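K.L.:
Let me give you the structure first, and then I'll get to my questions.
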Amino acid sequence: MQSAAAVGLLRPCGAATAAAPLQLRNPSPRGFGVRVGQPLLPPRGLRLSAVAPRAGISARRIGLVPASPEQEDERRRGARDVAVAATAAAAGEAGAEEGGGLAKTLQLGALFGLWYLFNIYFNIYNKQVLKVFPYPINITNVQFAVGTVIALFMWITGILKRPKISGAQLAAILPLAMVHTMGNLFTNMSLGKVAVSFTHTIKAMEPFFSVLLSALFLGEMPTPFVVLSLVPIVGGVALASLTEASFNWAGFWSAMASNVTFQSRNVLSKKLMVKKEESLDNITLFSIITVMSFFLLAPVTLLTEGVKVTPTVLQSAGLNLKQIYTRSLIAAFCFHAYQQVSYMILARVSPVTHSVGNCVKRVVVIVTSVLFFRTPVSPINSLGTGVALAGVFLYSQLKRLKPKPKTA
């Protein structure tokens, strides 16, 4: 096939005459209604490539001619710069996320440290006061009084949002406050009778009562593995009790009663508080319970032990007034603080992680109290305590393994 240039339709592009308009020689005057020799102009709005040089438009710019090596290198450098910038931006975002994750980890670690530290100080100072001042109801009410002052201070200053409680909510919270009051009272009664390490060894049986009460009142049946994990808990506590140097039945049954009441509180919270119209966070709920516990225990204190924390009574008993007040206030502050921090941790981690942390906390408290008070511990006693705590850890791990739903 012959080209258009060969038959004379187009002139060669390289000639000097390229600037002239294209002419089409019509062999027949009648074919298109155009006179012979008349230039054939393109339609309005249409420009042929032959006029491109006149307009200053390069064919290379519209992709008709391959780019030169210099232009190709420039294009590649631009693409490479864009890729480097995108990579740097992605790395910056990843670094920011990693930095935020590190900050959260450090914050969580600090909360766990405070949780353990407040718990250690509470148990040590509380035990020192109870050894010379055997009035556990007075001591417990002082702790609730200090907690009430802290809660009111936080609400007044706006550190915590002031709760709006209805009468129905107060009626639902009242049973929780009652068992909370009894649980802390029984704990202090046990601490006043036996060693701190032994009280916390007995309190390791909390999972046993949790499973028992949940099955009886909530219908939550445990899995066989959970039941098996209770065996080392019960066996370890029994072994430690048989060889405990400070053992007495009043301290033992007080700690057991504390387990029952605290686990009853958990069961009641599931059974009663689930129907609340307005949700309360754990810290606010704990503060309300503390205030209610103070008013519940105050009349009991007056009717049983009487007010024994006055300077006159303490001085007549030959006690160091400043020392008793200082240690009591520190213990009361730590009592409220460690429970507040515990709820802050629970808001950041899963219940299983919190349970494991609570198990480790008990180990830390037992070891610290043994070293501080130089409590005599036999090898069998240590073995029993270790077995019980290992059972608690196993229980916390097995609780997260929920049974598969039965298919129809």
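For all residues, glycine too, the Cβ spot is worked out from N, Cα and C.
Sharing the features that TrEMBL gives for it:
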DOMAIN    106-396  domain 'Sugar phosphate transporter'
TRANSMEM  106-125  transmembrane segment
TRANSMEM  137-156  transmembrane segment
TRANSMEM  168-187  transmembrane segment
TRANSMEM  208-234  transmembrane segment
TRANSMEM  246-262  transmembrane segment
TRANSMEM  283-304  transmembrane segment
TRANSMEM  380-398  transmembrane segment
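Could you place these features in context, so I can see how deep they sit and what lies close by?
P.N.:
Within the chain carrying the transmembrane segment (106-125), a Cβ under 8 angstroms from the stretch's Cβ atoms is held by residues 191, 196, 200, 327-328, 330-331, 334-335, 337-338, 341-342, 344-345, 348-349, 357, 360-361, 364-365, 368-369, 372, all 6 or more beyond its ends.
For the transmembrane segment (208-234), the residues of the chain that approach it from at least six positions outside its boundaries are 259-260, 263-264, 266-267, 270-271, 387-388, 390-392, 394-395, 398-399, 401, 403, judged by C-beta separation under 8 angstroms.
Proximity of distant same-chain residues to the transmembrane segment (246-262), defined by a Cβ-Cβ separation under 8 Å and at least 6 residues beyond the stretch ends, is recorded for 179-180, 182-184, 186-187, 189-190, 192-195, 198-199, 202-203, 205-206, 208-209, 213, 375.
Beyond the transmembrane segment (380-398), the same-chain residues lying 6 or more positions past its ends with a Cβ under 8 Å from any Cβ of the stretch are 197, 201, 204-207, 223, 225-226, 229-245, 352, 355-356, 359, 362-363, 366.
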